[in-house]
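**Student:** Below is the structure I would like to discuss, written out as structure tokens.
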Amino acid sequence: MASIQTNVLPKSYTIPSLTQASIAGPSTRRLLPVGPAYISHLRLTIHHDHDFDAHDAHLEKQRQKLEELQNSAANGDDDLGVGDEPESEELLALDPKEWKKHDYYAVLGLSHLRYKANAEQIKIAHRKKVLKHHPDKKVSSTAPQSTSSLLTGVNLNTNDDAFFKCIAKAHEVLTHPEKRSQYDSVDHELMDSQEDDPIPSTFSKTKKSLSDEEFFKTFTHIFERESRFSKKQPVPMLGDIDASKEHVEGFYDFWYNFDSWRSFEWLDKEINEGSDNRDDKRYTEKKNKSERARRKKEDIARLRQLVDLTLSLDPRIKRIKQQEKKTREAKKAAKSAPASGTVTPQKSKAQEEEEKKKKEEEEKAAKADAKKAKAAAANAAKKARRAARVAEEGDVA
């Protein structure tokens, strides 16, 4: 058995006096419910109703789920080329509280697909991000250590969980059809590209015109971008310089009657859930409804202005008008052809002028003959009247 050795007290040592010692009086202090023990208490109380067996079963289920994800990734089941985009420091530092300002496609590594990403691609990208950023794989080295089963694998540093929460929110929005349509309506990339669209003042002030190549390069991708919002599918595209008259007319007829499902609920002002004032909630809802209607009206006017500008610059319109003019002239020439159905060759301008001159001379000669005949008839009538008067005078004598 080990012995404990102590040093001998020096001869000069004296026992301290306790006559001036006093006990401090009671004081009130506020204890805050924080720390690992409180976190484990809340988890056990709220999620497992103080049942340790249920809590252990939950941990085991989470462990198995994580292993399945890791195994599926190792087996190459998610080889679709999604979810592997580089992550910038700005992206990793996103605040989950500012969830309406996030680029969810960038969060899941789908920036190159965006609204074209299908459900399977979103699912696989989310799985990859979960495997990479799951809190169980990113336990902070500065976090308190505990041997309790309640804290096994739990990241007590909440800052490390921020991006994982952003991943969860991105998956929630992009897998919900209604929420995704609202988000796609005001997608960051979409709003930025619309600001770069051409406007009529650019061409009216400078009288600038576009070549055929510049025209199609400028406007083709704009209508491809806007076609996603059409309730009617498929949507006719701009086409090329050789497009038929029917295609061009069908294109403009469709876009002048464009029926859009685009909405602006995503930009609504959030209602304060902690407020019990019904008037405030009603006012906020009324304001949001008014703003949505205003944005919708502006969007319709923007698209109509874009179609007007495209029509005014379309080189195919001039070609179509020239073809229509030739068609009208051909129909007019056909109507003036002989009844037998034979088409006479077109006369030269000199021949037409000669025929016109000859016709005018014939009309002039005819008028002169008529005038002479009228004068002769008047003279004959005058002679007859004179002869009649002479005969009457002779009878009287």
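Using the three backbone atoms N, Cα and C, a Cβ is placed for every residue, glycine included.
TrEMBL annotations: computationally assigned, not manually curated.
Feature annotation from TrEMBL assigns coiled coil to 52-79. According to TrEMBL, the feature domain 'J' maps to 103-187. TrEMBL lists 128-148, 274-297, 319-397 with the feature region 'Disordered'. If you look up TrEMBL, you'll see 319-332, 349-372 marked as compositional bias 'Basic and acidic residues'.
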**Student:** What residues in the same chain, six or more past the boundaries of the region 'Disordered' (274-297), come closer than 8 Å to it by Cβ-Cβ distance?
**Tutor:** 262-265, 267-268
**Student:** Apart from its near flanks, which chain residues at least 6 from the ends of the compositional bias 'Basic and acidic residues' (319-332) lie with a Cβ under 8 angstroms of it?
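**Tutor:** Those are 245, 248, in sequence order.
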**Student:** In the predicted model, what is the mean pLDDT computed over the domain 'J' (103-187)?
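**Tutor:** Mean per-residue confidence for the domain 'J' (103-187): 80 out of 100.
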**Student:** DSSP helix, strand and coil counts for the compositional bias 'Basic and acidic residues' (349-372)?
**Tutor:** 24 helix, 0 strand, 0 coil
**Student:** May I have the DSSP-based helix, strand and coil counts for the residues of the region 'Disordered' (274-297)?
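**Tutor:** DSSP composition of the region 'Disordered' (274-297): 20 helix, 0 strand, 4 coil.
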**Student:** For a three-state summary based on DSSP, what are the helix, strand and coil counts in the compositional bias 'Basic and acidic residues' (319-332)?
**Tutor:** 14 helix, 0 strand, 0 coil
